[in-house]
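For reference, the structure is listed below as structure tokens.
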């Protein structure tokens, strides 16, 4: 499973395609 935009990515450690996870924000975002 992957995290979508705005979702927490700290636990999963991965975001859906095209999204990135900022370590200090811990949410997926579009570049």
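These residue numbers are counts, starting from 1, taken along the chain as shown.
Glycine residues also receive a Cβ, built from the backbone N, Cα and C atoms like all the rest.
For 2-16, 9-21, 15-28, the entry in Swiss-Prot reads disulfide bond, with the evidence type similarity to another entry.
Looking only at the disulfide-bonded residues 2, 15, the densest Cβ neighbourhood within 10 Å occurs at 15. The Cβ of residue 28 (disulfide bond) lies under 8 Å from the Cβ of 3, 4, 5, 6, 7, 9, 15, 16, 19, 20, 21, each of these being in the same chain and 6 or more residues away along the sequence. Residue with the densest Cβ environment among the disulfide-bonded residues 9, 16, 21: 9, by other Cβ atoms within 10 Å.
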